[in-house]
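First the structure, in the form of structure tokens, and then the observations on it.
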Amino acid sequence: MHEEPLIRWDWIGRNWASIQVLLEDHVVMALVPVVVGLLIALPLGLAGVRWRWLYQPTVGVMNVIYSLPSLAVFIVLIPVTGLATRTTVMVPLTFYSMAVLIPAVVDGLTSVPDHVRQSAVAMGFTPMRRLLRVELPIAVPVVLAGLRVAAVSSISLVSVGALVGRGGLGYLFIDGWQRQFYTPIIVGIVLVVALAAVADLLLVLAQRLLTPWSRARGTA
Amino acid sequence: MVAGEGDGVNWLIDFFGDPDNWSGPDGIPARLLEHLEFSGLSLLLAMLIALPLGLWIGHTGRGALFAILSANAARALPTLGLLVLIVLLMGVGTIVPVLIPLVALAVPPILVNTYEGLRGVDPDLRDAAYGMGLRGGQVLGKVLVPVALPLILLGLRIAAIQVVATATVAAYVGLGGLGRYIVDGLATKDFPRTIGGAVLVALLALIVQLGFALVQRVTVSPGVSQRQTVR
């Protein structure tokens, strides 16, 4: 039915400026929630390790939030945040990031071997210094693994926001669908996946920089 | 947008109280069945792909890097984009176009958790099983899988919830399922309908969550689950 080529390169050239705007919007809507999610997950995770009874209920609530469909949450939020605002998209994504990151922070911190913690105490580290200089660095690989999942899923999920009027590159899917036109859809998919790959790669690099000892030991 | 005087609760009463919403091809039972059909089939297909692959990789250690990389790439695929592209290419005669993105969504968590679950089994335990004279397949079936089961079930649960939640998108390309209420409600600015659909999907996802908790309680051996709580 379509005699069109799969990709019309001239369309990409003509629309590159607006694609860039969508890309920037996408980056903001995907990454702000992950950063905010991490900033909230760190103290909550610490509290969960310090007071064990707190952990199970927190994870329970997060699991419930995680099981809510993103489209449904976008819609429920519209009366509060408005249609087609960035906030509508970013609030649920922040909660999804927290749902992935809180268990990662707790698992990371509980993975610190007891003898390491005791050595730090014996060397006279104050609890704060022990946390910053010993426990958090050791937790980095597990936290970053969670961060990678959160970042990649967030980048991919933003596009669903296009159904409520604001979805960064997701707009290209709506546009392509409405005009029965492949090019914007393919451009959108490629850019979302590329964006996720770049974010993932940067986080892997961050992990290598933050944990130089794991390279020295030769475990990669 | 209708900035109705009614609040969310009134919207829910409007939607769930309307008898028209409980019968016929657009009724809640019919839409629920469609939704379960998409989600169930997708999950089944994803399990058929990801479970054997994850078991094989976790048991033999071969192809781990490839599996993890492709799982991460699949996680990045935007379901909405994939769906509209496949439907444009294939047409909407069947439900196959909607299954492809949902399977792509469900495979990564199942695959990664199965692999990580097997890999996380204490090597001493594995050696002990071989020492007792079990062969490769028996070690896998009698030792590795039971010990890794909590993680494998977690992967299945995450996959199931994501599929149930994301299957709503199918309505956007004209297919059925509970997403119909959300998409139609948005298109006609019928807010009670939209919220009602959203609540139905959320309830379904929660039921799936509870179902997996039950399955976990029944299938995970007491020894393993005890070890879990101790950590």
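Glycine too: its Cβ is placed from the backbone N, Cα and C atoms.
Heads up, TrEMBL stuff is auto-annotated, nobody curated it.
Per TrEMBL, the feature domain 'ABC transmembrane type-1' maps to A:23-203.
Feature annotation from TrEMBL assigns transmembrane segment to A:27-49 (among others). Residues 55, 58-59, 86, 89-91, 93-98, 100-102, 104-106, 108-110, 131, 147, 150-151, 154-155, 157-158, 161, 166-168, 195, 199 of the same chain lie 6 or more positions beyond the ends of the transmembrane segment (A:27-49) yet place their CB under 8 Å from a CB of it.
Look at TrEMBL and you will find A:61-83 (among others) tagged as transmembrane segment. Sequence-distant contacts of the transmembrane segment (A:61-83) (same chain, six or more residues past either end, CB-CB distance under 8 Å): 89, 91-93, 95-96, 98-100, 102-103, 157, 160-161, 163-165.
The transmembrane segment annotation in TrEMBL covers A:89-109 (among others). Long-range contacts of the transmembrane segment (A:89-109) within the same chain, counting only residues at least 6 positions beyond its ends with a Cβ under 8 Å from a Cβ of the stretch, are 29-30, 32-34, 36-38, 40-42, 44-46, 48-49, 55, 58-59, 62-63, 65-66, 68, 70, 73-74, 77, 81, 135-136, 138-143, 145-147, 149-150, 153-154, 157-158, 161, 164, 166-167.
Residues or ranges marked as transmembrane segment by TrEMBL: A:138-165 (among others).
Sequence annotations record features per position, and here TrEMBL assigns transmembrane segment to A:185-206 (among others).
Within the chain, the transmembrane segment (A:185-206) has long-range Cβ neighbours (under 8 A, six or more residues past its boundaries) at 6-7, 12, 19, 23, 26-27, 30-31, 144, 147-148, 151-152, 155-156, 159, 169-173, 176-177. Below 8 angstroms of C-beta separation, residues 26, 29-31, 33-34, 37-38, 70-71, 74-75, 78, 83-84, 88-89, 93, 96-97, 100-101, 103-105, 107-109, 111-112, 116, 171, 173-174, 188, 192, 195-196, 199-200, 203-204, 206-207, 210-211, 214 of the same chain, each at least six residues beyond the ends of the transmembrane segment (A:138-165), sit close to that stretch.
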